Amino acid sequence: MLNRENKTAITRKGMVSNRLNKFSIRKYTVGTASILVGTTLIFGLGNQEAKAAESTNKELNEATTSASDNQSSDKVDMQQLNQEDNTKNDNQKEMVSSQGNETTSNGNKLIEKESVQSTTGNKVEVSTAKSDEQASPKSTNEDLNTKQTISNQEALQPDLQENKSVVNVQPTNEENKKVDAKTESTTLNVKSDAIKSNDETLVDNNSNSNNENNADIILPKSTAPKRLNTRMRIAAVQPSSTEAKNVNDLITSNTTLTVVDADKNNKIVPAQDYLSLKSQITVDDKVKSGDYFTIKYSDTVQVYGLNPEDIKNIGDIKDPNNGETIATAKHDTANNLITYTFTDYVDRFNSVQMGINYSIYMDADTIPVSKNDVEFNVTIGNTTTKTTANIQYPDYVVNEKNSIGSAFTETVSHVGNKENPGYYKQTIYVNPSENSLTNAKLKVQAYHSSYPNNIGQINKDVTDIKIYQVPKGYTLNKGYDVNTKELTDVTNQYLQKITYGDNNSAVIDFGNADSAYVVMVNTKFQYTNSESPTLVQMATLSSTGNKSVSTGNALGFTNNQSGGAGQEVYKIGNYVWEDTNKNGVQELGEKGVGNVTVTVFDNNTNTKVGEAVTKEDGSYLIPNLPNGDYRVEFSNLPKGYEVTPSKQGNNEELDSNGLSSVITVNGKDNLSADLGIYKPKYNLGDYVWEDTNKNGIQDQDEKGISGVTVTLKDENGNVLKTVTTDADGKYKFTDLDNGNYKVEFTTPEGYTPTTVTSGSDIEKDSNGLTTTGVINGADNMTLDSGFYKTPKYNLGNYVWEDTNKDGKQDSTEKGISGVTVTLKNENGEVLQTTKTDKDGKYQFTGLENGTYKVEFETPSGYTPTQVGSGTDEGIDSNGTSTTGVIKDKDNDTIDSGFYKPTYNLGDYVWEDTNKNGVQDKDEKGISGVTVTLKDENDKVLKTVTTDENGKYQFTDLNNGTYKVEFETPSGYTPTSVTSGNDTEKDSNGLTTTGVIKDADNMTLDSGFYKTPKYSLGDYVWYDSNKDGKQDSTEKGIKDVKVTLLNEKGEVIGTTKTDENGKYCFDNLDSGKYKVIFEKPAGLTQTVTNTTEDDKDADGGEVDVTITDHDDFTLDNGYFEEDTSDSDSDSDSDSDSDSDSDSDSDSDSDSDSDSDSDSDSDSDSDSDSDSDSDSDSDSDSDSDSDSDSDSDSDSDSDSDSDSDSDSDSDSDSDSDSDSDSDSDSDSDSDSDSDSDSDSDSDSDSDSDSDSDSDSDSDSDSDSDSDSDSDSDSDSDSDSDSDSDSDSDSDAGKHTPVKPMSTTKDHHNKAKALPETGSENNGSNNATLFGGLFAALGSLLLFGRRKKQNK
């Protein structure tokens, strides 16, 4: 029988306070998800432990029976929860497990060194103290069998009322009813010399029972359920009279270590299965207080959870009868070692025996993947016990490409603490298969309909979510022990992609994912003061194109047990339950009944020895009863209940004892006094299923239909109740009296009723839509109804843009979205209306066989294409209205095509490399050319540029006439227009007209060829003979600056001649340019335009026109003035030349004219000197030649006047007038040859310094040349002026530059007129001649000088 007062398991042979010590986690099945048991959980309850499945051992079966802590166990799938290691009791209702066979021994009672004087209560025999110890003065011991009075309260601290806490036994105090992890444990009566099962763990918290300090429980990182211990202090070990020592050699143990396959699937999984450690330990009497023994376990074993507040603790071993601590525990986590230190209990008692019954766990930290022959071992004292197991982790949950796995990995709970209810963590593996997922989303939800008392919660205020990306190829720990240092924290990337819902859920949007992710959910518990809360959390992964996949985790409770010897007093108790099926036997699903009074009498004396009231769960417990016969009576039954039959079946622990029964206490608790009661009400209902084969009979593979409405009516047709079928298709009307009822089933949408009453099994056939049910002293669960899905079909297909208007769907043609499509029946009634999606698809669903009419609305701006083109009805157009027939299958052939009634205009701009005006195959397009479209009124409609292939296109054009203008690309010239007969290949020029008439016009082309580029330049040379012609021996002048200007006078280029005197300007278009040569320092411009263009000098500035060819005729020459004359005068003359230099004066030529005079010729004076050498004859005549110099001066007429004698000479010298031509003056040089006097004249040359002045004033010299030499001397003084003139006055002496040429397109130089004289030197020479002639006249004839005009 089950005692629901303390959730303890009571047998006729004894009692175990399993409510105190044992809670278990079960593998829950939630919906279609496989909820793997994560890690263990304990909600702040005393010394409770959590494990995956509760252990059962046949050898301990008779000793104790434990009951689960889960008060709401009837709301969970107990088939999944209660999977024991050996047997499963069908009558277990709340995670009940049988443990151990305990044999009763009447001998070897404990011998106490000091007897304890009781104050009140019944007397109980106890053992005497060890023989070598003196008795206490208060002892009444007479011998080993001396009786001693011990009060019930001393023997067992709590009474019945004190056991209101699940775990803790406290004094009667309402404020102590809540769970407190630091209160004392319930004591048990176990013989010290005959403990076989030791099914209870008694934890000494060394604290006053009134201290409230709820335990914080934390789960390990591993998914394996691990032992959890409540918060407590290690019991202080009193110093012994002798030095403490290791007494492993004085400890003997009988130990079993068994791998428990909780779900019996022959697969050992750390997350679900566990190890059962049971040991009976005998302590040698030589052991003293302070001595210790050890329990060592392998690194593959996890003894308890990693609660940071409990890490150092493990349960002490106590005497369950009096609560005394036998040994205190200390855990060395680094070395997997538990050290138990004995208290003075071993000094006062002999033959101490202890029992350990632990569920310990496989450490997934050291077993990261599936592995065979994993060894587990535990060494108690000096005895090692081993076992092995093949570890096989479950695969991830996979559906198509979606995959997921999860586990609880940590939890801390504070039951009853509103401010800090605790927290828990769940680790989720997302896409561990590393598939490529589209629109992947993870939903985490702390809810499941089967677990309404779930205390998990998820919301943005209390939940923290971390997301880690797993490297490709990385192997995740199957035990969910995650090393985040090896992963990439991507939490920040997803903060804005986490959405919290109102139903304790969060959705993480991963988008497109092709790697695995680890999601760690850290959140707080909801506040609870429940003694049996549950935690369930689901995780669901969805992605586009794949079925979603779910997993989840649920937590329950268990506890490990240890115990030692105690006083022999016992308990009576068990359970009052509602026997819903009235069979007198406790069964799963039947609930306890509270507030029933239970009274116990000594059957021999009829004395009342105890009384209790059943708790809400129906349990009760009456403690402190010695061996004897007792009468148990139940009273105060709830109104309307009747007593179920008693003594049904062969199991006295599960049957009903009736209202009064006599039971016996004999050496152990008797937990068999139960009472079953029931309400005389009945149920009616059964099942609604999908009859897939339509045979009217429920077959094994046919499933229920959920959500079907079922109505219950009385015989008169009045509606009594309405229910809907559950997820399995079940329905039930409860609390019904005997009578006739009418049941009506509503046909679920999309289904058709199956055939009725097929076959002879009324529990398997279908009763149809309406049936009658009779209740007559029993439930009627035979009313079923079957349905099969009404066949439905789809009709639809595609609306597309038929760009080529051929009425057929081509692969490049796209759908048209938003087109309205209407479905009508044969009578023209509208059934459905839809619109095409973004791809042009549409579909009408849920249609039955029949003929339908489909109408397409022509989209705006489109025209229907031709209908029925081709033979493939799947790709042709059915027009805007068509008929579709459905006959036992979908019809996906109804299409409609449309096109836009607009056209395109354009074609091509190409580089016409051969300039023939026709597109040739090897000629390519020109990109980036601007093309403008105008209407007939010259209004710009559109502008485009040609693409990389030279193509252009104007789209969406109506019929009409258009003007197209092409902009000439930079560096190109339009080619010839309309060459050839092919309008698609020729060039339409820069402007053309295009006509659109119901078709595209793609014939408007324009060709261009690259505009030719030309070069300009030639040569600057040293004209050593000053003839203005390039001779083969004359060399180029380097570094002469040459500047190029465009027609606007803007500088477009500057260069310098190279070492050969060459220069060049490249990349020039046809056009007008100006070339300016910068005169080199110290050089004089040579004469220009003396010969053909490519050999002559063109002067300092040249205008040139380039037309379709290069021009390499632009040359210029310079020479260096000769300064070899002894006469400084010639220098002064050369000064005048230097003046002319600035304008590249041809004066130098005129100077060369006066070869007769060595004076003014700066360059050819040396010639005049040589001339003077050649002439020895009539100087006077030759002087007249010097007059002829005046001829070189255009003033020569006046000179000839001054020379009456030599007029004829001067006339002949008039040839020297040609000196003004600057070339013919060389003839006058020969004149000077006749002037051999010029030696003496050369003196006069020094006088003729005045000539240098006369340079500045070519006619002042004509004034009385013979005025006097002194005058001319003064002139020579003024010569110094001419010296200054040489550089600064050149402009004054030559107002127009001596040589400025303009070239026509043949580059022929034209002379420009001068306002001054080009032959200053020649004038000077003439002046000298005139002066000498005048002087001669004065001396010989006394004549005045002639005035030159």
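Using the three backbone atoms N, Cα and C, a Cβ is placed for every residue, glycine included.
The signal peptide annotation in Swiss-Prot covers 1-35 and rests on sequence analysis. The annotation motif 'YSIRK-G/S signaling motif' is assigned in Swiss-Prot to 23-34. Annotation comment: Swiss-Prot describes 36-568 as region 'Ligand binding A region'. The feature region 'Disordered' is assigned by Swiss-Prot to 54-185, 856-883, 972-992, 1081-1325. The compositional bias 'Polar residues' feature in Swiss-Prot is assigned to 62-71, 94-108, 146-155, 163-173, 860-869, 972-981. Per Swiss-Prot, the feature domain 'CNA-B 1' maps to 569-680. Taken from Swiss-Prot, the feature domain 'CNA-B 3' applies to 792-901. Marked as domain 'CNA-B 5' by Swiss-Prot: 1013-1123. The motif 'LPXTG sorting signal' annotation in Swiss-Prot covers 1312-1316 and is backed by sequence analysis.
Secondary structure counts, DSSP: the domain 'CNA-B 5' (1013-1123) has 0 helix, 54 strand, 57 coil.
If one looks beyond the region 'Disordered' (856-883) by at least 6 residues along the same chain, the residues whose Cβ comes under 8 Å of a Cβ in the stretch are 797, 799, 801-802, 805-809, 816, 818-822, 892-901.
When DSSP labels each residue, the compositional bias 'Polar residues' (860-869) comes out as 0 helix, 2 strand, 8 coil, counted as helix, strand and coil in that order. For the compositional bias 'Polar residues' (972-981), the list of distant contacts is 911-912, 915-918, 926, 966, 987-990, 1006-1011: same-chain residues at least six beyond its ends, Cβ to Cβ under 8 Å. When pLDDT values are averaged over the domain 'CNA-B 5' (1013-1123), the model yields 91.
In the compositional bias 'Polar residues' (972-981), the DSSP tally of helix, strand and coil residues is 0 helix, 3 strand, 7 coil. Each residue of the domain 'CNA-B 3' (792-901) gets a DSSP state, and the totals for helix, strand and coil are 0 helix, 54 strand, 56 coil. Using DSSP to sort the residues of the domain 'CNA-B 1' (569-680) gives these counts of helix, strand and coil: 0 helix, 53 strand, 59 coil.
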